[in-house]
């Protein structure tokens with residue numbers, strides 16, 4: 001039986017797909033075509049477009065209606081401009097118009113799910129279609145859930161489907177991932193599907209699959225995102241085995257380039273999780289000085305200073321100050337000239353009780369004249385100025401300009417390869433490149449859902 005694709009889309013499909021056979025973005029190949037490359041390829045296929053689509057593109061769809069492209073919906077869905085047009089129209093289409101689009105899409109729904117432009121049309125149908133249409137689209141996914149989850153565009157459709165189908169059908173789709181959960185967590189694409197499942201109150205079989213793999217996943221660039229999501233949104237009772245496993249390896253995770261993010265998530269997401277937060281903070285207390293000087297663990301110390309109980313915070317800051325409260329050999333002074341240790345000191349200054357803040361300032365201010373010429377000192381000076389403006393600390397303008405004649409000679413040590421003394425801070429939900437430790441970068445990110453759309457701010 002001839003495939004009911006329109007002539008233009010069929011020609012393009014011969015390039016992109018082998019219908020009934022393998023698909024171009026197999027999990028093992030890791031999908032060699034990026035979205036940008038695929039778009040460029042699409043722009044170079046004008047010879048395969050129908051005259052109808054070519055005319056539409058030339059007039060840029062001005063004042064066009066869905067009815068004008070009936071019979072060519074699939075071809076338009078696979079085109080950059082045509083796909084955008086259909087998406088916009090589906091948002092306001094009536095039931096009859098949606099039904100017509102759905103009718104034409106269905107024979108080729110699976111192929112469109114994995115298409116660079118077609119996947120967006122399928123997503124819109126999941127958003128705006130009626131329940132029977134959503135169920136029919138999900139039926140098309142059955143038997144292909146793992147492949148779709150691993151695929152660059154299919155994983156987006158999977159996430160949308162899981163959001164909008166009924167619970168019984170969702171459970172049927174999830175069941176296809178059994179035995180492949182860890183594989184999905186480590187996938188650049190499928191990890192987003194797992195995260196979406198976690199946000200939808202998943203069956204226990206999902207989190208049970210993580211048991212025995214917490215250290216492995218925490219130290220993986222994608223796995224750490226999934227565990228963060230689990231620790232953020234699932235109740236402690238549901239993930240107690242995972243939390244216990246995390247506590248068993250937390251010292252190693254704190255100093256890992258990815259694992260430190262998982263430990264941070266336990267500290268910061270405290271409502272109902274105070275027991276786990278306090279247990280992590282207890283582990284930090286006796287190692288504050290050591291951990292503060294570590295590129296990754298210093299981030300964990302900062303989170304502990306911000307989110308721990310008041311009494312625990314006092315212990316942490318006391319450990320940073322140490323017994324010797326004066327001179328360049330004081331712990332705080334050593335941390336100040338450390339390329340990573342200066343960050344926890346800045347945080348301690350903001351979070352400390354008045355008496356401990358006074359002790360910190362008594363150590364910091366005499367050192368500032370010599371420090372201000374170092375990267376660490378300039379950041380600290382800016383931070384102190386910011387604290388003054390916000391009223392966190394009293395005005396110190398006179399003290400900051402004190403002569404350096406009697407100040408201990410101090411210089412920055414342990415600088416990274418670029419001498420900037422910057423480091424990475426929690427980055428939830430980015431590509432592998434974004435997660436690699438880069439000298440001279442301090443990356444800060446929001447903790448929104450770990451979809452592809454996430455915001456990163458680079459701070460000087």
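Just so it is clear, glycine is given a Cβ too, placed from its N, Cα and C backbone atoms.
Because TrEMBL annotations are produced automatically, they should be read as predictions rather than curated entries.
According to TrEMBL, the feature region 'Disordered' maps to 28-51, 395-442. Among the features that TrEMBL reports, compositional bias 'Basic and acidic residues' is placed at 40-51. Look at TrEMBL and you will find 48-388 tagged as domain 'PUM-HD'. The annotation repeat 'Pumilio' is assigned in TrEMBL to 68-103, 104-139, 140-175, 209-244, 245-282, 283-318. The annotation compositional bias 'Polar residues' is assigned in TrEMBL to 395-418.
Residue counts for the repeat 'Pumilio' (209-244) under DSSP, split into helix (H, G, I), strand (E, B) and coil, are 21 helix, 0 strand, 15 coil. With DSSP classes pooled into helix, strand and coil, the tally for the repeat 'Pumilio' (140-175) is 28 helix, 0 strand, 8 coil.
Per-residue confidence over the repeat 'Pumilio' (140-175) averages 97 (mean pLDDT, predicted model).
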